[in-house]
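This report refers to the structure that appears directly beneath it.
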Amino acid sequence: MEPLQSNEELIVCSTEQFHDADTAEWAVQLFGVYVMVVPIILILGNVGAVFRKFETLKTTVNIGAIFPPNTVTEVAFASALARASMESERYHFVMKAVYSPFGDSFTASKAACELLSSGVIAVFGPTDPVSAAAVEAHCRAARVPHIQAVWRPPPVRGLEQPTPPGINLYPEAVALSKAVALFIADSDWRSYTLLYDDDHGLIRLQEILKHTDPDLKWLVRRLVPGEDNRPLLKALKSTGETRVILDCPADRVLEYLRQANEVKFFEDYMSYVLMSLDAHTLDLEELRYGLSNVTCLRIFDHSDPRTRSYLADWIARGTNNVKIPRQSHEITVEAALASDAARLITDAVENSPEEFKIEAQEISCDSEDQWEVGEEFTNHLLTNPIAGITNMINLDNITGERLNFNVEIMELSNSGFNSIAKWNPETGFNYVRTADETSDRLAEKWQNKTFKVVSRIGAPYLVEVTPKEGEVLTGNDRYEGYSKDLIHEILKEILHLNYEIEIVPGNGYGSYNKETKKWDGLVGHLLERKADLAICDLTITYERRSSVDFTTPFMTLGISILYLKPTPPEPELFSFLKPFSVDVWIYMAAAYLMVSLLLHILARLAPNDWENPHPCDKSPEELENIWHIKNSCWLTMGSIMTQGSDILPKGYSTRWVCGMWWFFALIMCSSYTANLAAFLTNAAMDDSIKSAEDLGMQTKIKYGTLKGGSTYSFFKRSNVSLYQRMYGAMESARPSVFVKNNDEGLDRVLKGKRDYAYFMESTAIEYQLERHCDLMQVGGLLDSKGYGIAMPFDSSYRTAVDNALLKLAESGKLVEIKNRWWKAPPENACVSEEAAEEGAAGELGVENVGGVFVVLACGCSAATAMGIFEFLWNVREVAIEQKMTQSEALWAELTFALSFWETEKPVKHSRPSSPDSGTDRASRASSVLRSAADLFHLNVFNK
């Protein structure tokens, strides 16, 4: 009880120093606490003595370790040994630590010799590659296992591996580089820049290059720690590079990223991959709200209960000189591997056979002594997989390198680093973030961003709005058109994002200058990161696609020809004769006369065509043949006019002639009707050019396209001989046939009087045809392509914009927007070609059929003349028969003819003949004429 008495005396002395009652009372209370606590301390001391006595029954195993002073790595290693000692019933593990400054290989060598001479079964550390190599050499010579947790270069192929191999728990170099290379491939990188700040970093990056696509463009640059690297980073920014792999220690990452941020090399579209496995422990608060994509690697799951349990041990064991992590995500890979290394050694000892005696041997570095069971124990370590903080640890029996480790891909967000994928050498990548989570992450990233949309002025895609009197337009209200409506539907209505429209300087689409090796126009604006999106009638071409990214096409089109419609010719008076050539008309007239004459002759020869004039008389004295020349001509005329006739032949031969003539008339009438419609409705058709082939085969009509546009590139790069020849003709034409914009090309077509044709996208032609009725499209499409929304490569919002376009297409909104801007107002709209053709086929003007009226008038005039002649001939006959004068007969016949109410005409009989010689002469003359008329059947005029 002497310690207690001593304490009482101490307290009494202390209480005498108080001068008032309150302090004396407080001292008495404190004395009571001491009286209660001291027995408890004595009890615990006795328990500890018992525990120490139990520990002395275990076999003590000494394990060496080399650390820099005051590091969490030492705490992690010691905590793991302490836990193993508590869990083991046979062994008590003791850490023998020697301190060596980081990078001091000489001190590390001395530390290794000190540990070996003290008798240890294994040596862990140090944590820098150079010092570790020196320690490994001493341990290998002494056959004492050496465990490392540090990156080291891959072994040289072909060289014999040293025995026993050094054990390294750090992920195998080649496999780790392969994981990064596969991530690059999965991310569709087209180029990247490798930044490093030490020689080991260069070796690591070389391994990445070995596993990436050799077609990828890459650039390697070295950073200088502690110096101003901003000029280098600014030069890299000017190259347009957006993908960076940064290999440096974790404590220098923030320094380099700050410098990159100062020169705007840490902005939107930038992606950084941090090679340090401790990058996830960094506090990037000042950078996490930026638009750059920051990715790092981690080889353990900080949410694993095992990890948190080990961290609790560290916190309990920590000292004031060492900063212990308070959260599992702050654990460094070095500390985690140190804990796993201790666990590997203790498990190997614990699981060793009982007959295997693990007794440390004191070995001097100056001697050639070796640990007798060292190689066997090393093999036991290599074949003893364990589950540690960094997951399962499997080692290669030949090289001692770690196999089959897991790598988590971490991405920086507003809440810190989050896991997006896991990689394993055997299973490859497994992305753990869902599509919805990705969308939410991107939406979170874009919520405070105003997208810059660049476009160009050109109807109907985008035009400037003319403000009303007193109105001031600002922002996006200054413009209207198809492009604005489309981008508004995508960004504002579907994605709920803010945007601002800008006009590209020069109003150019974007062409590549081989001399300056730069793009201009919209493409150049995107490459310089001055805009996020470009929308207009921008064609997706291979050359542009290799420099910027495109969405799926929102409009499909092709190249066609814009040409001026021909001026309709003045209709000819006798255009109804056009269906047949002059030769055909002559042959038809000849055929008509020949068939009529043939019918007349055959009818006189055919017995069946001689008929009884009086059917009631069964025995006629004479037969009558009605097929005189007049009736024959009438039958053939009625047939070819498709009117028929009331008299028909009865003879076989005459009927056969009529059948052949009717067949001939059928074919000719049908052909005439069909050709007449074609000639009258297609009178305005022009046969000069019908396709690009026709245009290329002639030299009279000049043709051109937009200088530097996609159509220009189509002809310039085409492998088709026709298009190559046409491009050569366009290049050599003077004055130049190329134009600066589509409006200039349209103007040349309108003013060219059909001497100029313009190659243009079919959608633009469709728009112009709605508003210019004197224009037409010639031929079909020369190619097939599409308009797309352009953006910088690897834009995070590309998928979102693509999905929005698909929604618009499925809902019919794309068609609605196009019709809104393509269709002209009804009062200004042109009639379509189909409607024009239908109208032309339904209506024929007087100028088209005027010749028919002329023929009718001529025919009626001829009939009138024939009627007058026939009337006068009849007057002469009447005068002779009635013994009247010509004037008397004319007056009598004319008076009766003009009496339209008279429908019956009395027959006048001849007067008695007089012996007048004159009359006899007239009678004889009349008889002669009748005989001649009978011969040619002309007496029909008297019937």
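Cβ from N, Cα, C; glycine included.
The feature transmembrane segment is assigned by TrEMBL to 26-51 (among others).
As annotated by TrEMBL, domain 'Ionotropic glutamate receptor L-glutamate and glycine-binding' applies to 460-528.
Close to Arg544 (L-glutamate binding site) in the fold, though at least 6 residues off in sequence, lie Gly510, Val523, Leu538, Phe550, Ala790, each with a CB less than 8 Å from its CB. Following the DSSP three-state reduction, the secondary structure of Arg544 (L-glutamate binding site) is helix. What TrEMBL lists as L-glutamate binding site is Thr539, Arg544, Ser710, Thr711, Glu761.
The transmembrane segment feature in TrEMBL is assigned to 584-603 (among others). Beyond the transmembrane segment (584-603), the same-chain residues lying 6 or more positions past its ends with a Cβ under 8 Å from any Cβ of the stretch are 577, 609, 625, 627-629, 632-633, 635-637, 640, 649, 651, 653-654, 657-658, 661, 664, 668.
The transmembrane segment annotation in TrEMBL covers 660-680 (among others).
Per TrEMBL, the feature site 'Crucial to convey clamshell closure to channel opening' maps to Ile689. Ile689 (site 'Crucial to convey clamshell closure to channel opening') is surrounded by 21 other CB atoms, counting those within 10 A of its CB over all protein chains shown. DSSP assigns Ile689 (site 'Crucial to convey clamshell closure to channel opening') to coil, not to a helix or a strand.
Its Cβ taken as reference, Lys716 (site 'Interaction with the cone snail toxin Con-ikot-ikot') is surrounded by 14 other Cβ atoms within 10 Å in the chains shown. Marked as site 'Interaction with the cone snail toxin Con-ikot-ikot' by TrEMBL: Lys716 (among others).
Over all protein chains present, the Cβ of Cys830 (disulfide bond) has 16 other Cβ atoms lying within 10 Å. Feature annotation from TrEMBL assigns disulfide bond to Cys773-Cys830.
Marked as site 'Interaction with the cone snail toxin Con-ikot-ikot' by TrEMBL: Lys807 (among others). Taken residue by residue with DSSP, Lys807 (site 'Interaction with the cone snail toxin Con-ikot-ikot') is part of a helix.
Of the chain residues outside the L-glutamate site list Thr539, Arg544, Ser710, Thr711, Glu761, Tyr509, Asp537, Leu538, Ile540, Thr541, Gly709, Ser713, Phe714, Lys785 have their Cβ within 8 Å of the site's Cβ mean position. Site extent for L-glutamate: the farthest pair of Cα atoms among Thr539, Arg544, Ser710, Thr711, Glu761 sits 17 Å apart.
With respect to their backbone Cα atoms, Lys807 (site 'Interaction with the cone snail toxin Con-ikot-ikot') and Thr711 (L-glutamate binding site) stand 30 Å from each other. Ranked by CA distance from Thr539 (L-glutamate binding site), the recorded positions Ile689, Lys716, Cys773 have Lys716 at the top as the closest. For Glu761 (L-glutamate binding site), the nearest of the recorded positions Ile689, Lys716, Cys773, Cys830 in terms of C-alpha separation is Lys716. Counted with DSSP, the domain 'Ionotropic glutamate receptor L-glutamate and glycine-binding' (460-528) comes out as 27 helix, 15 strand, 27 coil. In the structure as shown, the Cβ atom of Lys807 (site 'Interaction with the cone snail toxin Con-ikot-ikot') sits within 10 Å of 15 other Cβ atoms. Closest in space to Ser710 (L-glutamate binding site), of the recorded positions given as Ile689, Lys716, Cys773, is Lys716, taking the CA atom of each residue. Distances between the Cα of Cys830 (disulfide bond) and those of the recorded positions Ile689, Thr711, Lys716 are shortest for Ile689. Here the binding-site residues are Thr539, Thr711; the one with the fewest Cβ atoms within 10 Å of its Cβ is Thr539. Put simply, Lys716 (site 'Interaction with the cone snail toxin Con-ikot-ikot') is 31 Å from Cys773 (disulfide bond) when counted between their Cα atoms.
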